[in-house]
């Protein structure tokens, strides 16, 4: 009887410890701070990638990076999974308007509170650059086709 109680308690502890991890993410997606992330090795324009993300999971968009900790998580995830693909990865931020100002919102509607530019240029979409280990934001022509990260 004592062994049964010990085993039951052990299973309960394991279940409770897993309930706050990736259990809520779809299969193949990675979990971080209550959000789910997936890298797609498909080469799409920024707009195509955003549309693709929206079709994957309810509430999904191109990734919005809102802290240095999240930037580190995304960089590690991309580095581990993009060893032989392109040099840029789309993120959910683009420049809008006649003055080419950076939008104050990510494609998911959240405010831009963290920035990590490598340099500012006249190109209107943003991605992570391989040369910076996918940690810095780089301006890229929106019609270029690149892999991307979706976040839900």
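Even glycines carry a Cβ here, placed using N, Cα and C.
Marked as Ca(2+) binding site by Swiss-Prot: 64, 66, 70, 151. Look at Swiss-Prot and you will find 25-36, 53-150, 125-142 tagged as disulfide bond, backed by sequence analysis. Per Swiss-Prot, domain 'C-type lectin' is recorded for 32-151. Summarising the annotation, Swiss-Prot assigns signal peptide to 1-23 and lists similarity to another entry as the type of evidence.
Structural mapping of features recorded in Swiss-Prot.
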residue: 25; record: disulfide bond; CB count, 10 Å: 18
residue: 36; record: disulfide bond; CB count, 10 Å: 20
residue: 53; record: disulfide bond; CB count, 10 Å: 26
residue: 64; record: Ca(2+) binding site; CB count, 10 Å: 22
residue: 66; record: Ca(2+) binding site; CB count, 10 Å: 16
residue: 70; record: Ca(2+) binding site; CB count, 10 Å: 18
residue: 125; record: disulfide bond; CB count, 10 Å: 25
residue: 142; record: disulfide bond; CB count, 10 Å: 16
residue: 150; record: disulfide bond; CB count, 10 Å: 24
residue: 151; record: Ca(2+) binding site; CB count, 10 Å: 25
DSSP residue counts for the domain 'C-type lectin' (32-151), split into helix, strand and coil: 28 helix, 44 strand, 48 coil
Top Cα neighbour of residue 36 (disulfide bond) in the set of binding-site residues 64, 66, 70, 151: 151
Ca(2+) site, defined by 64, 66, 70, 151: further same-chain residues with Cβ within 8 Å of the Cβ centre: 35, 63, 65, 67, 74, 92, 106, 110
Neighbouring disulfide-bonded residues, C-alpha within 10 angstroms of residue 64 (Ca(2+) binding site) - of 25, 53, 125, 150: 150
Rounded inter-Cα distance in Å - residue 125 (disulfide bond), residue 70 (Ca(2+) binding site): 20
Cα-Cα distance linking residue 25 (disulfide bond) and residue 53 (disulfide bond), given in Å to the nearest integer: 14
